[in-house]
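Trainee: I have a structure I would like to understand better, so I am pasting it below and will then ask my questions one at a time.
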Amino acid sequence: MLGKLMKYEFKATSRIFLPFFGALLVMSGITRLFWSLFQTEELDEMITQLVMIPKILSVTLYIMVIVAIFVVTYIVMIQRFYKNLLGDQGYLMFTLPVEPWMNIVNKLLVSLIWILASMVVMMLSGLILAVGTELWNEMVAEFPRIFREIVDLFEREFHMSIVWLVVEWVAAVIIGIIHGILQIYAAIAIGHLCGRYKILASVGAYLGISIVVQTIGGIFSVVVMIPFINAANSPQMLSSYWNLSMLSGIAISLLTAAGCYIATHIILTRKLNLE
Amino acid sequence: MTPILECRALAKVYSGRRALAGINLTVNRGRIVGLLGPNGSGKTTMIKLASGLLTPTSGEILIDGKRPGVQTKRQVSYLPERTYLENWMTVDEMLHFFSDFYDNFNLPKAAEMLQRLGIQPGDRLKTMSKGTKEKVQLILVMSREADLYLLDEPIGGVDPAARDYILHTIISNYNENATVLISTHLISDVEPVLDDVIFINQGYIALTESVDDIREQQGKSVDALFREVFRC
Amino acid sequence: MNWDLKSDRPIYAQLIEQMELRIVAGIYQAGERLPAVRDMAAQAEVNPNTMQKALAELERRGLVYTQRTSGRFITEDREMIRKLRDLLAKTQVEEFLEKMRSLGFSGQEIRQMMEQVLEGTEK
């Protein structure tokens, strides 16, 4: 059943995301074209200035599409949760023969996948802009050396494996995104309890959760730091400080996400009051 | 046999207001039942509790002997007052949505009923009038072979021709062993199709009786009796 | 012929009367197969259970019979239909007479009035 829910969620959201992704790739293609077509060296001043117009225009548009994707991702995430579960469509979604948790997890997973997909598409558009340029060629040539140096630096100086670092970063990013989404859901659900001032209450709830989480996180990071006050001169100490603060950050994110999920679930099952 | 719907001391309080004040009620299978009461009497609350959209404050509500959950949602076909369909969907997508989630959904039957209304599979919901959307929704709900149909104000605010169509669709499509619970305050319109009536007022059950018994014993229509019971 | 249901009497009783009228008037012919209960109910805009109840009563009176495999039929006993027709007519006449008497007409006057009106309508 979760699979079916996700299938329809993708149907509903891909209508919005895919055109934007398409627009981004097209825009990066156009930008690339303009910048490679009008090589300025051979041209005189007048024309140089003229060809700057399409160049700058295309870059501006490209950046606008990227901003639009960020904005749309947020709007769609909020709208799909608010309208589809707490609006009129909730009458359908909550009377389907599915467990209530599936409705939340469905929205969460689909949002997560779209966010990751936008990252991939943005990288792809970056590649379209860069591949084959001189800068790119230099980078490709230099990359193995730089990479080896970084690996060496971490492994020799700080005694950390690069694999572990990557795993930590990927985990932190994904859990961070999940935490972000669930915090928005919890804020909307809490706001929904508050009769007439739903939107205001949602914003308030979001800020409230953020303040609590950041305060706890701040205190935690100070506590974590105390044993390592003199760590600067010992690479071993530095690496274990690094590990500890990364892991505690992930743990706090995970706990907040769990708390937000539970709050959302309780509100949607026991306190649900569709208008 | 277990009654299809049973309420035991069922109460629901929201935002300090008692919408249902501890009602006891049994509804049997194979009946068309009118849930009748003035606005704000608790009709919608009761239907939302039965559909699993609300949880009771105290007491319990049982569908076929079970508390509302995934299993009862399979057995219950619910028509809310709102249009709950997604505007961007085509009729065909909506039909497949229903048949994907409800294994008792009779897709060919629904498709045929829509066809008869002149609605094409490729039509998008956003191009339809409110009245047409309501008909589409009713067809989807009545095309499920459910055990309990919960219809919340199905004829509220529609013209007489649409009302006839809706009542006609209900009586010619419900599953014979199933029960249909119709909430409304437009009593004279639904009276001929009802077996039984439940009068509900301010969260209390005021009366449960069969339509023929009311007419036989009181010599008046349910509509007339309702006006008497709920005289302001 | 429309199904005309009044609101102050049990619906099934009215359905029985209306079915009798239809049989007598030949809308349903002797031996004719009746539509499915659900369709009849939908046509009359009444509850199928109520229609079922009315048909069961007609069956008990012998005006309708059920063949297990092929459905419900109007009786083939034309004599019975004729008797029902007479009975319904007699009831109508009695009701009419009662109303005329309450207007102060004597038997003789009623007869005269009837003749006059009949002549008027037959011209």
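Residue numbering: from 1, along the chain as shown.
Glycine is no exception: its Cβ is also placed from the backbone N, Cα and C atoms.
Feature annotation from TrEMBL assigns transmembrane segment to A:12-35, A:55-76, A:108-131, A:162-191, A:203-229, A:241-268.
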Trainee: So which of A:12-35, A:203-229, A:241-268 is most in touch with the transmembrane segment (A:162-191), counting Cβ pairs under 8 Å?
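Mentor: Answer is A:241-268, with the largest number of Cβ pairs below 8 Å.
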Trainee: Going along the chain, which residues at least six beyond the ends of the transmembrane segment (A:241-268) come within the CB cut-off of under 8 Å?
Mentor: 85, 94, 100-101, 103-104, 158, 160, 168, 171-172, 175-176, 178-179, 182-183, 185-186, 189-190, 192-193, 209, 213, 216-217, 220-221, 224-225, 228, 231
Trainee: For the transmembrane segment (A:12-35), give me same-chain residues lying six or more residues beyond its boundaries with a C-beta closer than 8 angstroms to one of its C-beta atoms, as numbers and ranges.
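Mentor: Distant Cβ neighbours of the transmembrane segment (A:12-35) are 51, 54-55, 58-59, 61-62, 65-66, 68-69, 72-73, 76, 80, 84, 110, 114, 117-118, 121-122, 124-126, 128-129.
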Trainee: Can you tell me which parts of the same chain pack against the transmembrane segment (A:55-76), counting only residues 6+ beyond its ends and a CB-CB cutoff under 8 A?
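Mentor: Answer is 13, 16-17, 20-21, 23-24, 27-28, 30-31, 34-35, 38, 111, 114-115, 118, 121-122, 125.
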Trainee: Six or more residues out from either end of the transmembrane segment (A:203-229), which same-chain residues have a Cβ under 8 Å from its Cβ atoms?
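Mentor: Hits for the transmembrane segment (A:203-229): 183-184, 186-187, 190-191, 237-238, 240-241, 244-245, 248-249, 252, 256, 260.
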